[in-house]
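Engineer: The Mn(2+) 1 binding site annotation in TrEMBL covers A:Asp102, A:His211. Annotation source TrEMBL lists GMP binding site at A:210-214, A:331-332, A:380-383, A:Ser387, A:404-407, A:Lys480. Residues or ranges marked as Mn(2+) 2 binding site by TrEMBL: A:His242, A:His331. Annotation source TrEMBL lists active site, GMP-histidine intermediate at A:His404.
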Amino acid sequence: MPDGGYRERVDLDVVEERPYRFRVEPRDGMRVPGVVFASRELLRDAEQSLRQVAGVATLPGIVGASYAMPDIHWGYGFPIGGVAATDVAAGGVVSPGGVGFDISCGVRLLAADCDRRALRPALAAVMDGLGRAVPRGAGPGGVWRLGGTAELERVLRGGSRYAVEQGHGEERDLLRCEDGGAVADADVDQVGPRARERGLGQVGSLGSANHFLEVQVVTEVYDTAAAEAFGIAAGQVCVMIHCGSRGLGHQICSDHVRAMDRAMARYGIEVPDRQLACTPVDSPEGRAYVGAMAAAANYARANRQLLSHAARRVFRREAGVRLGLVYDVSHNLAKIETHSVDGEPRRLCVHRKGATRAFPPGHPDLPADLRDAGQPVLIPGTMGTASYVLAGVPGGDAFHSTCHGAGRVMSRHQAARTVTGKELRARLEGAGIAVRPLSMRGLAEEVPEAYKDVAAVVEASEGAGLCRKVARLEPLGVVKG
DNA sequence: ATGTTC
């Protein structure tokens, strides 16, 4: 793997254009400016990430600006929170670093047909059941044992749709999934043998780090009409699932970064950081990555579908409660979308890395019952803190994108030095939050103080005109790797 | 994020 990272350069010229919007003036090969939506407070110590915004602005075919969301922080090549669109017909590139290692990492929210008071007597049994039913942590293990590579290929092509066809969900679920539960352009031939091997045993598993399954309660509704359209109300119990494509997506990213790093020179592409490896979307290497990435996207969706199904079985058995899907959306993905550029419709490759698509009300790709409210945007908070449901807004900037969550401000090592897992568990249980961790070390690494304040991220996103708040949720129970 | 450094 190329070992990149920006070298120190002269300071960037960053101008506050208006509240929650900063502009990075073009220089040093930048083809477009940088535009960062954030507060001054959220940009504290963001120098490295701003340099990454500037680096992304040098990519061939980039249009508009190199954008970053309020939860911007340092990532591989692109900043996490980065959004960049390239013009496919004008030699625009696709870059695996613009998607990230956890391809199609995302969030799914289910709403229970009960409120927190009704669940209370069964909560401990539900949490115990979830603790047994939800595979998690590093390495293999998943709720679904795939028959072999042929069935893996059906998952890679069919995503949530295939999982539902096999009995792991309801037909209605697919109406509430981005892209109906599967993207169409998966090319399984571009998924290498190691990725396949790693993917075989992990369908239906959370993974580790900031991934979680939480039982939550809606503690505040900001937009009653949108909340009603989404099927949530104050006091209602929900289940939020945050996970991605596990080792399969990680391996695909590694494989295709390597291939592009080797091929780039042939296309005459130079980038200021090897981690920005890319080739034109319309090239053999570009098409190969896009096809493999789409396969990983479907894998991640099937993963969330299977975990939903596992949670449903536990809720039905332990509490007689039914879970309906609110929405499922990714925050690490590149998609070919049509957007207006200088008044002309253009086919763009929109990279969203730690950024969520946020279609406005009336968008034709939204299901009819969500058309008036706009697309639900699901923001997972840090363990033990609040999560949010947002909605897309008219005129949303950055190709209809908004934030994805709280960014880390403390390293795992640093975090684990501030508290033991045992202490943190006691603190959470004391606050009325049931915890079912796999590892105490892993729990300590996710101490809330290791992250930015998700409420500030959401405020800045709304203040920047990228989305609006619909509801706030707080955890009743956490299942973690 | 990740068979947490091929």
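From the backbone N, Cα and C atoms, a Cβ is placed for every residue, glycine too.
Heads up, TrEMBL stuff is auto-annotated, nobody curated it.
On a predicted model such as this, the values are computed, not experimentally measured, just so you know.
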Engineer: Return one of helix, strand or coil for A:Leu213 (GMP binding site), based on DSSP.
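Structural biologist: For A:Leu213 (GMP binding site) - judged by DSSP and reduced to three states - the answer is strand.
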Engineer: If you run the three-state DSSP split on A:His242 (Mn(2+) 2 binding site), which class comes out?
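Structural biologist: DSSP call for A:His242 (Mn(2+) 2 binding site): strand.
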Engineer: Would you list, in sequence order, the binding-site residues among A:Asp102, A:His242, A:His331 whose CA lies within 10 Å of the CA of A:Leu213 (GMP binding site)?
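Structural biologist: Within 10 Å of A:Leu213 (GMP binding site): A:His242.
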Engineer: Rank the binding-site residues A:His211, A:His242, A:His331, A:His404 by how many other Cβ atoms lie within 10 Å of each Cβ and give me the one with the fewest.
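Structural biologist: Each of the binding-site residues A:His211, A:His242, A:His331, A:His404 was scored; lowest Cβ tally within 10 Å is A:His211.
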Engineer: Just checking: which of A:His211, A:His242, A:His331 have a Cα that is within 10 Å of the Cα of A:His404 (GMP binding site), counting only these binding-site residues?
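Structural biologist: So far as Cα distances go, the binding-site residues lying within 10 Å of A:His404 (GMP binding site) are A:His331.
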Engineer: Please report the Cα separation of A:His331 (Mn(2+) 2 binding site) and A:Asp102 (Mn(2+) 1 binding site) in Å, rounded to an integer.
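Structural biologist: Here the two Cα atoms are 10 Å apart.
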Engineer: For a quick check of understanding: among the binding-site residues A:Asn332, A:Thr382, which residue's Cβ has the most other Cβ atoms within 10 Å?
Structural biologist: A:Asn332
Engineer: Do any residues at least six apart in sequence from A:Asn210 (GMP binding site), in the same chain, have a Cβ closer than 8 Å to its Cβ, and if so which, in order?
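Structural biologist: Long-range Cβ contacts: A:His242, A:Pro380, A:Thr382, A:Met383, A:Gly405, A:Arg408, A:Glu446.
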Engineer: Whole-number answer please: how many Å between the C-alpha atoms of A:Asn332 (GMP binding site) and A:Asp102 (Mn(2+) 1 binding site)?
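Structural biologist: One finds 7 Å between the Cα atoms of these residues.
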